[in-house]
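First comes the structure, then the notes that go with it.
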Amino acid sequence: MAPAQEQLEGEQIVASNEDGANCIEKSRVTVIGSGNWGSVAAKLIASNTLKLDSFHDEVRMWVYEEVLPSGNKLTNVINETNENVKYLPGIKLGKNVVADPDLENAVKDATMLVFVTPHQFMDAICKRLVGKIKPDVEAISLIKGMEVKMEGPCMISSLISDQLGINCCVLMGANIANEIAVEKFSEATVGFRENKEVAERWVLLFSSPYFQVTAVQDVEGVELCGTLKNIVAIAAGLVDGLEMGNNTKAAIMRIGLREMRAFSKLMFSSVRDSTFFESCGVADLITTCMGGRNRKVAEAFAKNQGKRSFDELEAELLQGQKLQGVSTAKEVYAVLSNRGWLEMFPLFTTVHEICVGRLPPTAIVEYSEHKPKCCLA
Ligand SMILES: NC(=O)C1=CN([C@@H]2O[C@H](COP(=O)(O)OP(=O)(O)OC[C@H]3O[C@@H](n4cnc5c(N)ncnc54)[C@H](O)[C@@H]3O)[C@@H](O)[C@H]2O)C=CC1
Ligand SMILES: O=C(CO)COP(=O)(O)O
């Protein structure tokens, strides 16, 4: 068993290793999603449930079923080979990971639900889960994105909480999945609302020597960092495709970070500045702008002078994996436009207008000539 929990300043919790097996019922974990990060999350969790007495060993992973070119179903292949050959080839998930294509069956006994699908599928998934889960289940969302409904914007953790009537924490960070899959060191941030003990339990479930997790009491701040940095990563990829160099890319990242903070604080006054210095903030922004999928596809878009669409390039370059930045830019644009804030967020606004073809990729650097009409804090 690992070192005892250490408290850092204020609301932070790091590296809790007290299993608590004697005082609570064993938890059963289900991972909802089996893409690139979903598979790595299942692997990470499964190695911990084997070691922690207060968790059942088995980790169930809901798979959006698909038929592979071989004619085999993905779920069968995962269970036979212990490998997600489509979304995480070459990595064993752990024999205690059980792939399940039946969503209802996958969640029915779970006491802890880990949501990790592309954000655009979550509304439909939540609707399917109503009445199918245990009422006191705890949830965490690893999903970077938001929904914009008629009533206004809704973070994915709120969508889960509101539709299912359950508590939902978030886990975000500088977490390029393929690097964590091969156990290279990284950090992550758990955001929680009120219940520190629940946050400690999530920290325990995810922490490992190569994956250091810190919890902060700022769900919205953590989730908005993870969500908004994908728009900045599109901008960074455009800069790469235009071969503008490192200084321009750094400038775009700085301006993007400033817009991330301003937008987050306008949306939720509770968002803390300190959250932007956690893994979910500046570290995730850097890693995604250097090595993420949003960056990669945006680079190709700029190299093609915007003549091939993001959808086409996503399908070709990501082979079934999904971009979040393009749809997030659209969703954020809708919020900005509804609230009359477009001119305050020139980078977010320009990214969307480039993605939909209203502006050329070169506009990403030209926009800065038009300074924000209002001073961003
Ligand atoms: N891959 C990464 O490095 C990281 C991803 N994330 C976030 O994790 C979330 C999930 O991403 P990944 O696991 O990487 O997924 P992915 O992009 O690798 O895979 C797409 C997934 O969507 C599924 N899917 C396709 N159509 C569907 C439908 N109609 N309904 C439900 N599922 C469907 C596919 O089966 C597949 O599992 C995203 O919000 C992403 O931003 C967060 C950190 C790192
Ligand atoms: O969120 C990520 C890293 O933390 C991954 O970003 P991409 O989806 O751009 O690959």
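Every residue gets a Cβ built from N, Cα and C, even glycine.
All annotation found in TrEMBL is predicted automatically rather than curated by experts.
Going through Lys132, Lys134, Lys144, Lys149 against TrEMBL, the one listed in the substrate site together with Arg293, Asn294 turns out to be Lys144. Between Gly35 (NAD(+) binding site) and Lys144 (substrate binding site), the C-alpha separation comes to 13 Å. Residues Lys144, Arg293, Asn294, recorded as contacting substrate, have a largest CA-CA distance of 13 Å.
Neighbours of Lys229 (active site, proton acceptor) among the binding-site residues Gly33, Phe121, Lys144, Arg293, defined as a Cα within 10 Å of its Cα, are Lys144. Within 8 Å of the centroid of the Cβ atoms of Lys144, Arg293, Asn294, where the record puts substrate, the same chain has further Cβ atoms from Asn230, Ala233, Thr288, Gly292, Arg295, Leu323, Gln324, Gly325. In this structure, the CA atom of Arg293 (NAD(+) binding site) is 13 Å away from the CA atom of Lys144 (substrate binding site). Within the same chain, the residues at least 6 positions away from Trp37 (NAD(+) binding site) whose Cβ sits under 8 Å from its Cβ are Val116, Leu142, Asn175, Ala177, listed in sequence order.
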